[in-house]
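What Swiss-Prot annotates here:
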type     : residues               : note
ACT_SITE : His45                  : active site, proton acceptor
SITE     : Arg70                  : site 'Transition state stabilizer'
SITE     : Asp84                  : site 'Increases basicity of active site His'
BINDING  : Gln147, Ala174, Asp175 : substrate binding site
BINDING  : Glu149, Asp175         : divalent metal cation binding site
Amino acid sequence: MKNAFKDALKAGRPQIGLWLGLANSYSAELLAGAGFDWLLIDGEHAPNNVQTVLTQLQAIAPYPSQPVVRPSWNDPVQIKQLLDVGAQTLLIPMVQNADEARNAVAATRYPPAGIRGVGSALARASRWNRIPDYLHQANDAMCVLVQIETREAMSNLASILDVDGIDGVFIGPADLSADMGFAGNPQHPEVQAAIENAIVQIRAAGKAPGILMANEALAKRYLELGALFVAVGVDTTLLARGAEALAARFGVEKKLSGASGVY
């Protein structure tokens, strides 16, 4: 078993990605052909569940782009289900300390290394037990990325980096800026200083730093500092802003929804 994304990070090859929030296998396949190294299937802020994640994994599978899946929380039951449907690389949100990082790793490993439940006869990941020795190979193929998104997590970064089985640390600029008192302004100088310091610290520890940044100049700056997995856009944003720009070029006035109140 191989994990091409994990291998690329270990080799120090920067991986450029795109965030998928449309929660749709058709759009996932369309974007899988765009050439990105990785695609993030978002189960935290997009309307995904195990079934929709599965269909997107199936849609991406024929293409070189590598899927990364973000569960809604650091929950061993949800992690187990995502691994069974075929996710190999997980981005675990809102990890605050080393204990939570260790729990994330344990959820991805079969015993005795972890607590992942054994259900390979039912699992797409094992090709329904058609992969010889899957139970003994799976642990090494898992790639665990944890998100640090608060001042507390930043203060615990050194101990998080010491956790065995953590392959990368992703800095969440939106939540971090909010926690630092600059909600909606991840480009604030104090936030940027925290991000840049974290990237250098993560790389120095031999782990892969990652981030989502649609600002092209900043994304390139993070890559120069040593970031190894950088998402440079979001599908919903590309569609929304692209559609608005096209309408504006033809003089169409932007209108708010006609619905009033909750709909």
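Indices start at 1 and increase along the chain as displayed.
The backbone N, Cα and C atoms fix where each Cβ goes, glycine too.
Positions of Swiss-Prot features highlighted on the structure.
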| residue | record | DSSP class |
| --- | --- | --- |
| His45 | active site, proton acceptor | coil |
| Arg70 | site 'Transition state stabilizer' | strand |
| Asp84 | site 'Increases basicity of active site His' | helix |
| Gln147 | substrate binding site | strand |
| Ala174 | substrate binding site | helix |
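Glu149 (divalent metal cation binding site) has its Cα within 10 Å of the Cα of these recorded positions: Ala174, taken from Arg70, Asp84, Ala174. All protein chains included, Ala174 (substrate binding site) registers 15 other Cβ atoms within 10 Å of its own Cβ. The number of other Cβ atoms within 10 Å of the Cβ belonging to Asp175 (substrate binding site), over all protein chains shown, comes to 18. In this structure, the C-alpha atom of Gln147 (substrate binding site) lies 22 angstrom from that of Asp84 (site 'Increases basicity of active site His'). Within 10 Å of the C-beta of Glu149 (divalent metal cation binding site) we count 22 further C-beta atoms, all protein chains included. Within the set of recorded positions His45, Asp84, Ala174, Asp175, the entry lying nearest in space to Arg70 (site 'Transition state stabilizer') is His45 (CA atoms). Here the binding residues for substrate are Gln147, Ala174, Asp175. Their largest Cα to Cα distance works out to 12 Å. With the fewest other Cβ atoms inside 10 Å of its Cβ, the least crowded of the recorded positions His45, Arg70, Asp84 in this structure is His45. You'll find the Cα of Asp84 (site 'Increases basicity of active site His') roughly 30 Å from the Cα of Ala174 (substrate binding site). When the Cα atoms are compared, His45 (active site, proton acceptor) and Asp175 (substrate binding site) turn out to be 12 Å apart. Annotated substrate site Gln147, Ala174, Asp175; additional same-chain residues within 8 Å of its Cβ mean position, judged by their own Cβ, are Pro93, Met94, Glu149, Ile171, Gly172, Pro173, Leu176.
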